[in-house]
Each structure stands twice: as structure tokens, then as C-alpha cells.
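Read through the structure below, which is laid out as C-alpha cells, and then see the notes.
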Ligand SMILES: NC(=O)c1ccc[n+]([C@@H]2O[C@H](COP(=O)([O-])OP(=O)(O)OC[C@H]3O[C@@H](n4cnc5c(N)ncnc54)[C@H](O)[C@@H]3O)[C@@H](O)[C@H]2O)c1
């Protein structure tokens, strides 16, 4: 099938384009910004090589060619958060107007971007209003994307399921053909339900994270052991283990944005969603309570150095959008504290943070002579750090481990003041039963 991806060098658009090319389709990745292509060799070498070796993908910034030369047009442009938490659909609207104006015969237009319920219906109107030839037939289809950053290629090529929202039998046939060689169940529904699946999934995942952060808070206050609690919960098959680690809260480009968008369009439909509003509120408390703790323990701001390890919103990606680490730095930036940062892949931040923090060359340089070490991202190299070496390098021995990567007992025994998430300063050993004896 001949396919164009509008937004084809974006995070989702590129992986979608290359993934479909590897599955044998002829793909045009169209994007207004082709500069990102220079970095492609580094970020997706395997997938890119396979797609280009088989001559199955081309890149262009010419939307007219992309539209005219394809049967199916997939739109994967950004749908960022607007000032009031609503979804800014301006990139999508512009893309739809341009696609409509260059359409010369029947096209299936697939919306891959995450969009509020009802957007496919709106897209139909936009296309109709902008067609150069009013009689050209078309269908609009919803096909949300569920890939996770850090695992995106695998998630796209081997998805748990493919969700498709169609309103005509013809577009259903086209979508079945598009994904014919994928080994995954396909859920075919109407466009509104399909749009809603994406929001329901992200709202649920965010809820799990806020839920466990709340359990962590109470565990800490009553001296219960969060590690034991997690194992006790995760082995329950009804609960499972994903998205159930206490930490600095959810970040990244999607969870908070999609939750806010859901709350906004639910409000317009007279649904107040008190639970999901609380999930968002709880998330905001995480970085605030970490910052308050650090400031309280350091007491005096002058001549203090903080070492922050990890800037990306999670391990496995260089994405700092809505990263808890960035939110922490924004709060610390207003103090007199010297802040040294290190991340294995993030080597710069946007202003004003860029000139407020010191980017260290190594983990050691970051930690040396610091008064407080804060772990913000769970990169494997941080997990393997030797606590004794860290102890010898620091001036004052305070560790704030927001990812619970170190063993609290080991840190305490070495003389650290150790603060994890959901871990009390001292757990009552008389009542704690070693977990290996339980399982
Ligand atoms: N990033 C993720 O992990 C993820 C996962 C699932 C779903 N999503 C959703 O997918 C969508 C895209 O997200 P992303 O992270 O890939 O965004 P992105 O910003 O990385 O990519 C969007 C791309 O669209 C291009 N673009 C914008 N307007 C255009 C136009 N008129 N013509 C051509 N190109 C245009 C931009 O240049 C950019 O390259 C969003 O709706 C997002 O919520 C993202």
C-alpha cells in the first residue's frame, strides 16, 4: 500500500513510517522539519537501514507530492497542551486543510495523533470544506498509537493490540490490509470509542502511578516497608507489576497532557471526573515534597552543592518534556544552591535552566564535594554506583533517591542520611519478615 505520514520525522511519525515500510508498504515520511533526519542514523540505525535498504521509504517536505502519491495518509503531528490544559489542535487542523486541498482521488485519512473524542468527526468537516474538487470521496479513521518512549520500536512492531475506529466498511477493509502482516489482535470500533481508548489507557496508567505514590506516602509515615508492599501487591495477578513504582511522579510528553485534555473535554460534556483530577493533583505533590525535603535538610542555602543524577523523564529516552527532574531544577533554580547535573544522554537543557546548572562530564564530577545527591532517573549506570565511593566523595552525606535504586539499609550502615520514596528513616525490624520467607 502507498502511505504518507504527515509529521513523518516526529517521534511517532518516524517509527510508524519506518515500521510500516519494514512491513512491506511504500512509505513517504513528510514533515515540515527535515533537520531531524541528520540525527536518524544515531537514533534508529537498524530500522532505518532495513527500510532504506529495501527502498521502501522516502523523506520529503512536499505535502502535495505526499498526498497525491499515496492511498492512505496518516497524520502524526503534535497535539500539545494549550494554556488551559485543552488540546491545541492547530498542527492537526493545518495538516488536514493542506491534505484536503491536494487530494486528487479517494484517500483514507488516518489520525494517529492523540486527539479528543469527536476530532475525527471534526476532521471530516475540515476536509470537506477544503477539498478542491468537492466530489472526491474520502474516509477518516482513528488509529491511536500506544508506543512507549524507550521501547518504541518494539512496541510499534509487536503491539499488544491495534485499535482502529472506522465509520465505513471500505475504510475497515483498508485498515485490515494496512496491518495484515502484524501479529496482534485488532479492535475495530467507531471513531469516538477508538479515540477514547487512548485516553482511558493513559488515564489508567497515570492513576496507578499516583495511587502507588499515595501508598508510599502513608507507608513512610507508619514505618511500613514499600518494597515488601510492592511485592505483595505485584504478585497478585489481578494487579500485576507495571506502572506501580513509587517515584517523582509521571512525566514525559503524554500522560499529564492527555489527562488534562481528557479532563477538559469531559468538562465540556458535563462530566466532572473528580478521581482523575485528584490523580493530576497528587502527581504535582511529588516533586514539591522532594524539593521541600531537600531544602529543609540543607537548612542554609549558601555554599551548598546539590548533585542531580538523571534529567530525562525516564530511563531509555533523552526526552525531558515534562520531566520531574526538570521540574525539580526549576524549583531549585530560585535558591542560591550550586546545582551540578549529569545524565548519560541529555547533555543540554533549554534556557533559563541551561545557564543555571553546571553540566558535569562524569558522575564523579557531579557528586564530588556535594551536600546532597538526588537520583531523578533510573538509568542502569546509577543503579551500579558504589555507595562507599559516593560516601567518600560527598561533603555532606544526604541521598534523596526518588527511584529507590539503592538499598536503604546499606546506605544507613555507611552513614548516609538516606531518603527513598515510601521508605521510613528506620523500619521496625521486629515486625518485618524477610520477603524470601514469605514467597
Ligand atoms: N511521543 C510519544 O511517546 C507518543 C506516544 C503515543 C502517542 N503520541 C501522540 O502522537 C502525536 C505526535 O507526538 P510526537 O511525540 O511524535 O510529536 P513530535 O513533536 O515529535 O512530532 C510531530 C511532528 O509533526 C510535524 N508537523 C507538525 N505540523 C506539520 C505539518 N503541517 N506538516 C508536516 N509536518 C508537521 C513536526 O515538524 C514534528 O516533526 C501526539 O498527538 C502525541 O500525543 C506520542
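Glycine residues also receive a Cβ, built from the backbone N, Cα and C atoms like all the rest.
Residues annotated as NAD(+) binding site in TrEMBL: 31, 36, 79, 114, 149, 257, 321. Sequence-distant neighbours of residue 257 (NAD(+) binding site) (same chain, 6+ residues apart, CB-CB distance under 8 A): 80, 81, 87, 322.
The substrate binding site feature in TrEMBL is assigned to 146, 147, 148, 149, 198, 243, 244, 245, 246, 247, 251, 314. Other Cβ atoms within 10 Å of the Cβ of residue 244 (substrate binding site), summed over all protein chains shown, number 16.
Annotation note: residue 254 (active site, nucleophile) sits in a coil segment as assigned by DSSP. Sequence annotations record features per position, and here TrEMBL assigns active site, nucleophile to 254.
Sequence annotations record features per position, and here TrEMBL assigns domain 'UDP-glucose/GDP-mannose dehydrogenase C-terminal' to 307-408.
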Where residue 198 (substrate binding site) falls in three-state DSSP terms: helix
Of 198, 244, 251, binding-site residues neighbouring ligand 1, Cβ under 6 A: none
Residues of the domain 'UDP-glucose/GDP-mannose dehydrogenase C-terminal' (307-408) by DSSP state, where helix covers H, G and I: 30 helix, 18 strand, 54 coil
Separation of alpha carbons, residue 114 (NAD(+) binding site) and residue 198 (substrate binding site) (Å): 7
Most distant Cα pair in Å, residues 31, 36, 79, 114, 149, 257, 321 binding NAD(+): 24
Three-state secondary structure, which DSSP defines for residue 114 (NAD(+) binding site): coil
